[in-house]
Amino acid sequence: DFPPQALLEEFYTKPSQRAIEKYSSRSDDHCLFMRGIRREMETMFADFESRSDLGALHLHTEKLKSLWPRFSFFKSSKSCFACLMFMPEKVFDCGHAICNTCVRRFGRKSGTEKHSFLLPSCPLCGQSHSNVIFRLIPPTAGIRVLCLDGGGIRGVVSLTFLQHFERELYNLGCPLREFFDYVCGTSAGGFIAIGVFLMGWTLQECLFRFEDLATKTFMVEQKQKLSITQHIQRLLGAYVRDHRYDSAAIENAFRVEGRAYPRMFNPLQNDTKVAVTTTTARHNIPCVLSNYNGGQRSEGSIYHHVRADTQNHDISLSDAAVCSSAAPFFFKAKDLDNLDTYQDGGLEHNNPAFIASWECSFIWPEK
């Protein structure tokens, strides 16, 4: 009923041709590529027919295992290589990423929670991982959203409120970061969102780091006794340099000793989506830097969802924090290679509630 050649012609020929045209302009290469795909598809189809009693999942897993040596070199944050159907939403320590559908397909239920799945190894390269349990949002559950607005040192107020909120929920036995499905922050709120929900800091640790950051960044200048002339000279110097304070303290706050800077696209096992807002320096376009992909955004969207083309160019947590809080004149705009130059997200959306609402509608359109 489903001849492989007809399926290939209907669904895969044109996309495959567009793909090979990006790498070679020679017609001979195009023909060899298409013949190889057709031959492989016919072979797989015959194999599936002869061993249909084993089930599609078993045969698909076998096929992926045969490709482990090749897949170890291919990693993407935009395509799930396990199914080639959806964008990936979960990342393994090896760097491979798969979508939530493949988490359900290749994982086994953990037994502790109804919608949590255990994957002891990566389905794309076979590398073992200990205690990797991915928790997905139940299909009938609502979405719990937290928005953290900007305000510089007033971010202490947000942290204090969150501490009070966590104390009220203490008897439930879960840290605050387990209570939200979507978190969006701007400027100081972005610092808190990244620190608490991506770095795993406690609220007390985040408060300490936040105050330490403010001291290192702003208090050094205040401790120095300067004349009026020296103050004017400093202001002129800041105007020429296009910034008054150094953002190194922000970058260092997210450094992990002995490790490379953690990357932004590193989805959490508990399925919490985390985003910070920023603004392009040239055209003042609102942008979202996030640890997720989500759905396809409309062409008329008034903001951009930024995702690097390759995993090597992905945004680090420190860069995301600087981009979200680089207020003009106070901090220099952050130039990210292969992307753009970004400044404080509060210039367009100091309260990211609208951004959060729009993003949630793209990620969970059914809710």
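Note that Cβ sites are derived from N, Cα and C of the backbone, with glycine treated the same way.
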In TrEMBL, one of 150-155, 222-227, 348-353 is tagged motif 'GXGXXG'. Which stretch would that be?
150-155
The residue range that TrEMBL labels motif 'GXSXG', out of 50-54, 105-109, 185-189, 255-259, is 185-189
Could you pull the average pLDDT for the domain 'RING-type' (80-125)?
87
Neighbour count, 10 Å Cβ-Cβ cut-off, for SER187 (active site, nucleophile): what number do you get?
29
Counting by DSSP, what is the helix, strand and coil composition of the domain 'RING-type' (80-125)?
7 helix, 10 strand, 29 coil
In the same chain, residues at least 6 away from the ends of the motif 'GXSXG' (185-189) whose Cβ sits under 8 Å of its Cβ atoms read 147-155, 158, 210, 275-277, 324-325, 327, 344-346, 349-352
Return the residues near ASP344 (active site, proton acceptor) by Cβ distance under 8 Å, restricted to its own chain and a separation of at least 6 in sequence.
GLY150, THR186, SER187, THR278, THR279, SER324, SER325, ALA326, ALA327, PRO328, PHE331
Using DSSP, tally how many residues of the motif 'GXSXG' (185-189) sit in helix, strand and coil.
2 helix, 2 strand, 1 coil
